[in-house]
Amino acid sequence: MNVLWMIGQSILNGLTMGGIYALVGVGLTIIFGVMKVVNFAQGEYLVIGMYITLVLNQLTGLSPYLLLPPTILIAYLFGRISYGVVVKPLLGQPGQYFVVATMGLSFVIISVLQLVFTTNFWAVETSLKSVSITWKGFSLGLPRIIACGFMIFFVVLVDFFLKRTDFGRAMRATSENTEVAQSLGINTNKMYGFSFAVGTTFAAITGLLLSPIYFVYPTAGTPFKTIAMVIIVMGGPGNIGGAVASGLIAGLVEAFTATFVSNDLAPAAAYLLLIIVLAFKPAGLFGKGARVA
């Protein structure tokens, strides 16, 4: 097999998968950047997005991509409710409280999904599932290309929102210094709730984009949750640009490892890269302190 072709195909596979990683990583980064806590249930919100898409797809027969608006709405409402019930009562408490609470939330979500949908593997039906784009010998599944395109769109949208709107600037101010933000009249509790819901909605959007690619089952989000942790640490806490870059890097490293080393070792490649990065740059590749920017 031609080595140059293998390199080119690995780059394409890595960038498209990295785009998916970046999207779920951006959601976690928004939460951490504003609230300074890690949501250990982020992967389960991704699965919620998959199941919302599955149910709506079976009820309407519509393509999952046409189901994006209702999925975003339902996921956002679920994020707000879970914030109010689980996270908000812990504001002001030490960080370990949030770790335990969101880990508990993770197990609760999985258990409820298993109870309602069982542990069966479900498939979201779409005519685009088996479509591939081929060019000069290189091939990519259309759902992966679409997912990467949506990643670019949503990242640009978030960047515009944070930098060009008053609400976005209030989020950034809360991220930089909560006390100063409060002194300026910013309702930081409102910022926390919105940030948590938006961050979890990003995970649900990722779940929708993954539903034509992967089977839907209760623990499908676990590997994406751990890779999202890698992304926010490697990219620098609260750094959205760093999260995107780190997601793409993680996807490339995984793809090249699968092609040239071993497919079995590919899932571990990003974690090994994280160890190497932290050995030389403890704040991450792009880290200069926690912020949303």
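Positions of Cβ are set from backbone N, Cα and C atoms, glycine also.
Just so it is clear, the model here is predicted, and its values are computed rather than measured.
Feature annotations, courtesy of TrEMBL:
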type: TRANSMEM; residues: 20-38; note: transmembrane segment
type: TRANSMEM; residues: 45-67; note: transmembrane segment
type: TRANSMEM; residues: 73-91; note: transmembrane segment
type: TRANSMEM; residues: 98-122; note: transmembrane segment
type: TRANSMEM; residues: 142-162; note: transmembrane segment
type: TRANSMEM; residues: 192-215; note: transmembrane segment
type: TRANSMEM; residues: 227-253; note: transmembrane segment
type: TRANSMEM; residues: 265-286; note: transmembrane segment
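Sequence-remote contacts of a segment are chain residues at least 6 beyond its ends whose Cβ falls under 8 Å from one of its Cβ atoms, and for the transmembrane segment (98-122) they are 37-41, 43-45, 47-48, 51, 54, 82, 86-87, 90, 215-219, 225. Between the transmembrane segment (192-215) and the transmembrane segment (265-286), fewer than three CB pairs separated by 6 or more residues in sequence fall under 8 Å, so the two stretches do not touch. Only pairs six or more apart in sequence are counted, and the transmembrane segment (227-253) with the transmembrane segment (20-38) gives three or more Cβ pairs under 8 Å, enough to call it a contact. Counting only same-chain residues 6+ beyond the ends of the transmembrane segment (265-286), those with a CB under 8 A from a CB of the stretch are 223, 227, 230, 233-237, 239, 241-242, 245-246, 249-250, 253-258.
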